[in-house]
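Novice: Mind looking over this structure? Questions follow.
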Amino acid sequence: MTAIIRQFLRLEASGGILLIVAAIIALIMANTPLSALYNEFLSIPIMIKFGALELDKPLILWVNDALMAIFFLVVGLEVKRELKEGSLAQRDRAIFPAIAAVGGMLAPALIYLFFNHGDAIGQQGWAIPAATDIAFALGVMALLGRRVPVELKVFLLALAIIDDLGVIVIIALFYSKSVALVPLLLAALITIMLFILNWRKVSNTAVYLVLGFILWVCILKSGIHATIAGVIVGFLIPLRDKEGASPSEELEHVLHPWVAYLILPLFAFSNAGVSLNGVTLDGMLSTLPVGIALGLFLGKPIGIFLFSWVSVKLGIAKLPDAINLKQIFAVSVLCGIGFTMSIFIAGLAFEGAIEAYNTYSKLGILVGSTMAAVVGYLLLNSVLPKLKQKQK
């Protein structure tokens, strides 16, 4: 396993533990006398002004629209690296996690729609249980230490990267508002400029980031979700320059600790603080939270394992060396931890809907993700080889 992947796994695992802590603190604050302080913090107004351009948003929207664009920039950098030089570069190595990821997105969406097909607003949340929180999943896996085979970690990483790619496509196609033409045309022009810079192998990442900020503003104003700007920039920063150095990896190395230790925990803190005031048992047993929780807890493992098993039996894909189907199933349960990514999609799906949709969707995500984390850990613990005791 390369040094880059090792560093990625260490950061994601420890960052996942920080995510859990941030979410617990948010839940406590939202349901105690500290709730007023919590809501005031999220509502802090922040304004950025450049000449005639003025962006005035509360803190929570800066987190969701701006900081998460940086997260998706890192995702873009990671996906490009893995597609060109990493675990997805060779077809025979990429096809197994790719097929698993497709099943892991399809089955949860179908389970969710089974429960919510009669609710026109609820149907919009079909993609909520399709996402996997790689940081959280690796954080749980890290609790088992050296017992986890490297190949199993790489499988989870590759699956999650393809899953992220699917989420990006879903956001672009299904969760964008009505489009404003002029900002969209400007965004297209800047994207062409970035493409030309990439083609000429311009290695100065500052140029890409400045144009990326302008692209983010244009996409924000166009009505398409602004996080897509991060993905575009991530894909268009060169993986190798003319001398063979990697501007992409250098930027990823700089940004990744900020994403793992600040941006994602701050996102979790800002969005996981669900007030249980007014929450009823009937509401918790309604189709929205049940569809999300079962989509994550049952849909993810059913889809990932079924598609994996069928692909191996039909000879379409090959099971990676040093791991078995029992371990694949245990990891597929861990992939039901949707958490930050599911919360992010829920915010897009139910933007403008009554607050109950946001509240119960987040509760469904928290319940489903918690069940997936606990059961996934127990299953992994039972199927992984025990460490040999040193003889005295």
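One-based numbering along the chain as shown.
Backbone N, Cα and C atoms are what each Cβ position is placed from, and that goes for glycine too.
As listed in Swiss-Prot for this protein:
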- 17-37: transmembrane segment (TRANSMEM)
- 59-79: transmembrane segment (TRANSMEM)
- 95-115: transmembrane segment (TRANSMEM)
- 125-145: transmembrane segment (TRANSMEM)
- 154-174: transmembrane segment (TRANSMEM)
- 179-199: transmembrane segment (TRANSMEM)
- 213-233: transmembrane segment (TRANSMEM)
- 254-274: transmembrane segment (TRANSMEM)
- 290-310: transmembrane segment (TRANSMEM)
- 328-348: transmembrane segment (TRANSMEM)
- 363-383: transmembrane segment (TRANSMEM)
Novice: Which of 95-115, 328-348, 363-383 has the most Cβ pairs closer than 8 Å to the transmembrane segment (59-79)?
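Specialist: Between the stretches 95-115, 328-348, 363-383, 328-348 has the largest tally.
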Novice: Report, as numbers and ranges, every residue of the chain located at least six residues beyond the transmembrane segment (154-174) whose Cβ falls under 8 Å of a Cβ in that stretch; write 'none' if there are none.
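Specialist: Here the qualifying positions are 1, 5, 8-9, 72, 75, 78-79, 82, 87-88, 93-94, 96-98, 100-102, 104-105, 127, 130-132, 134, 137-138, 141, 224-225, 227-228, 231, 304, 320, 323, 328, 331, 334-335, 341, 345, 348.
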